[in-house]
């Protein structure tokens with residue numbers, strides 16, 4: 001027995017003793033951040049804080065030296081040297097625009113919050129993500145945020161570290177989103193929380209890795225024309241059926257909201 005989910009999720013009426021208000025279905029909704037929730041790569045956005053809004057050429061060229069996470073550590077150190085401090089970073093992150101339709105999707109999720117458990121997995125940084133989510137008024141929707149640790153040191157510099165280590169050959173050394181999602185599902189299962197379906201909203205190659213683990217009951221929402229979408233299409237061509245989840249590409253997040261709304265209507 002499940003709760004009727006249309007609108008704000010008023011309970012359906014079932015006959016039977018003790019079944020008037022059954023436990024609602026539980027869905028896990030996973031978001032990426034950069035170019036998914038927000039319409040930019042936030043690592044690029046912070047460069048707007050420096051004079052000329054550009055990095056020195058040697059620093060730009062160092063992108064290929066070591067991991068991307070290590071490159072961003074160097075970028076943040078340079079920004080610190082230029083006098084960029086907490087207020088500057090906060091203003092930049094807060095003003096990054098949301099992706100098209102994202103406010104409407106969050107409004108839908110807010111109205112149906114009892115049906116969705118929402119988490120965020122991002123290779124950006126915790127300070128920037130939380131600053132933006134709070135500015136957008138949606139931070140409370142997220143049960144948990146997984147991102148690279150960041151904090152301000154005694155000098156006032158924003159520092160960045162790797163999230164974890166892993167053995168996945170397809171992901172950057174500092175973060176495998178598949179490992180994070182798999183461990184989260186296992187942890188929730190131990191807490192006796194089982195999800196009827198998993199929904200994954202993303203855009204990048206590092207979002208493709210966890211989406212491969214989704215089942216035929218789940219839905220992957222790749223941003224149309226971005227790496228996650230292209231990689232899912234390529235897998236389907238090379239190995240038909242290997243990508244098990246239903247693929248629903250989006251240009252506006254209202255398309256995600258519409259899909260979820262239709263799904264909930266069918267549950268009544």
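Positions of Cβ are set from backbone N, Cα and C atoms, glycine also.
Summarising the annotation, TrEMBL assigns active site, nucleophile to 32. In this view, residue 32 (active site, nucleophile) is surrounded by 26 other Cβ atoms within 10 Å of its Cβ, with every protein chain counted.
Positions annotated as active site, proton donor by TrEMBL: 34. Residue environment of residue 34 (active site, proton donor) contains 23 other Cβ atoms, counted within 10 Å of its Cβ in all protein chains.
If you look up TrEMBL, you'll see 32, 34, 203 marked as Mg(2+) binding site. There are 25 other Cβ atoms within 10 Å of the Cβ belonging to residue 203 (Mg(2+) binding site).
In this view, residue 43 (substrate binding site) is surrounded by 19 other Cβ atoms within 10 Å of its Cβ, with every protein chain counted. Look at TrEMBL and you will find 43, 123 tagged as substrate binding site.
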Exercise for review: Please report the number of other Cβ atoms within 10 Å of the Cβ of residue 123 (substrate binding site).
Suggested key: 25
Review point. Expressed to the nearest Å, what is the distance separating residue 123 (substrate binding site) and residue 32 (active site, nucleophile) at their Cα atoms?
Key: 8
